[in-house]
Amino acid sequence: MYIKLNVPPVFKQMFAASGPLIVTLGSGMTVGFSAVLLPQLKDDRSTIKISSHQESWIASMAALPMAAGSVLGGVAMDRLGRKTTNLLICVPFVLGWTAVSMATGVTGVYVGRLMTGLSTGLLGPPTAVYIAEVTEQRYRGAALAMISFSVSAGILAVHTMGTFLGWRLVSALCSAVPFAGYVLIWFTPESPVWLREDEDRRHRRQTATVCDHASDGVPSRPPPEIDSQPPLSAVKPTARQCFSRPSFLGPLAVLSTFFFVQQFSGVNAVAFYSVTLLKRVGPDLNEYHCTMALDVIRLAVSVLACGLTKRYGRRPLAVVSAVGTCVSLLCLAVSVRDSGTPATAGSVAVHAVPAPAATASLAPVMSIVAYMVFVNIGLVPLPWIMSGEMFPGYCRELGSGLSTCFGFVMFYAVIQISPYLLTNIGTSITFYIFGTVSGVGALFLYLCLPETKNKSMEDST
C-alpha cells in the first residue's frame, strides 16, 4: 500500500534549488576565509610562517581563477547538463578545503585556495541558470536572491568559526559543506530546459544518421519515433554566430556594465575599511566581533532582498539600490578625512571632520550601515539573479558564463586597486569615486536595464 503525498510545487522547486544553494555557502566561506586564515598564520605560534608578499598572494589566490572558472562552468553545463556540472564542481571544492586543512607549508595553502577559488567561479553560471530554469516565474526572483543570501551566510559562518577555532579545523568543517550539497543535488532532477535541448540534439543526430544511409544508396525509412516527433527547434548557433546577434550582445553589454557598477560601488573596499571605522567608535572592540556584526547586517539585508525581489521589479530595485548606495558613499566620504600620514593596506589612518565626539563617531558608522543596506538589496544580488534570466535560450550558457566571468575580473580588479587608492589618493576621494560610479550607474540602469520579473525565460530576453 502506497501513500501519495500532495507536495506543493513550491516545496519541490525549493528542494531542487537547495543543493546548489548549499554549495554556494562554500563560495561565501571561500571569500571570507582569508580574514580567518591570515591573522592566525601571522601569529608567532603558527607552524607555517608567511611573509607580507606571501600574505598578499594567499589573500588574492582564490580570486585569480574565478573568472576562468565561470567560463568553464558555462561550457560544462551546456555539454554535461546543469545537474551533472553542479555535482562535478563539488569534488574540487571538497579537495580544496581538504588541501588547506592538511597543508604543511605555504604551497599547500596556495593549492587549496586556488582550487576553492576555481570551484567558486565554476559554480556561478550553472547555479543561477539551474535555479532560474527549475522555478516558476513567481518564485524565481526570491529563489535566485537566495544565492546572495547563501554567500552572506557562508561569510558569517566562516568568520564565526574563525573566532573560536583554528584555521585547520575551520577548513576541515568547510569541506563538509560542498559534500552535503553533493548529496542534495544527487536527489534533484535535471533542468527540464536542458533535457529538451539534449533531446533535440539526439533527435538531430538520429535524423542525420538516416540521411547518411540514404545518401549512401541504402534505402532506409526513419524510425517511427522520428516520424512522430514534432518539428525540431532551431539548431543552436556557435559562439561566433552568437556574437553577431543583437539578442545576445545587448544583454551581455547591459549585464557586464551592471557587474562593473556592482564592483566599483566599492562593496569590497568598504567592507575592508568598515572595521577600521567601527573600531574608532570603541577602540577596545575586537576585530572579529566587528566583522561578525557587519556579517549579521549583511545576512539580514540578504533576507530582506529575497522578499523585495519577489514583490518589486528588477529595474526599480536596482535604481533605488544604486541611488541609496551613491548617497551613503558620499555621506561616508564627507564624514571621513585622511590624516597627513599615508595609510597602508593593513591600517588606514583616518580622522573625522572636526565635530562633537558623538557626531564624529556616529556619522561614518551610520553611513556604513546605510551603505550595506542599500548595496545589498540590489547591486549585490541582482546581477547574479539576472545572469540566469536575461539571455535567450540559444546562448544562455555562453552569456551567463561570460557575464559572470567579467564580474569576477572586476572583483579581482577592485581587490587589487582599492589598497592603492586608499593609500595614494585618500579614503575620502576613494569613496567619492565609488559614489560617483554608483550615481552614474543608477542612470544607466534606469535607461537600459530590462525588466525580467514575472516573465518566462523566453520573454525575459
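Start at 1 and count along the chain as shown; that gives each residue its number.
Each residue, glycine too, has its Cβ placed from N, Cα and C.
These figures come from a predicted structure and were not determined experimentally.
Per TrEMBL, domain 'Major facilitator superfamily (MFS) profile' is recorded for 12-453.
Under the heading region 'Disordered', TrEMBL lists 209-231.
According to TrEMBL, the transmembrane segment annotation covers 14-37 (among others). Below 8 angstroms of C-beta separation, residues 58-59, 62, 86, 89-90, 93, 97, 100, 109, 113, 116-117, 119-120, 123, 126-127, 130-131, 134-135, 139, 143, 146-147, 150-159, 161-162, 167, 170-171, 174, 177-178, 180-189, 291, 295 of the same chain, each at least six residues beyond the ends of the transmembrane segment (14-37), sit close to that stretch.
Cβ atoms under 8 Å from those of the transmembrane segment (87-111) belong to residues 23, 26, 33, 37, 41, 48, 50, 54, 57-58, 61, 73, 76, 80, 118-119, 122-123, 126, 167-169, 171-172, 174-175, 178-179, 181-182, 185-186 of the same chain, restricted to positions at least 6 beyond its ends. Taken from TrEMBL, the feature transmembrane segment covers 87-111 (among others).
Taken from TrEMBL, the feature transmembrane segment applies to 139-158 (among others).
Per TrEMBL, transmembrane segment is recorded for 165-187 (among others).
For the transmembrane segment (317-336), the list of distant contacts is 258, 261, 265-266, 270, 277, 308-309, 350, 352-353, 360, 363-364, 366-368, 370-371, 373-375, 377-379, 382, 427-432, 434-436, 438-439, 441-442, 445-446, 449: same-chain residues at least six beyond its ends, Cβ to Cβ under 8 Å. Among the features that TrEMBL reports, transmembrane segment is placed at 317-336 (among others).
The transmembrane segment annotation in TrEMBL covers 368-386 (among others).
Annotated transmembrane segment per TrEMBL: 398-417 (among others), in sequence order. Same-chain residues lying 6 or more positions outside the transmembrane segment (398-417) and placing a CB less than 8 Å from one of its CB atoms are 59-60, 63-64, 66-75, 78, 121, 124-125, 128-129, 239, 242, 248, 251-252, 255-256, 259-260, 262-264, 266-269, 383-384, 387-388, 390-391.
TrEMBL lists 429-449 (among others) with the feature transmembrane segment.
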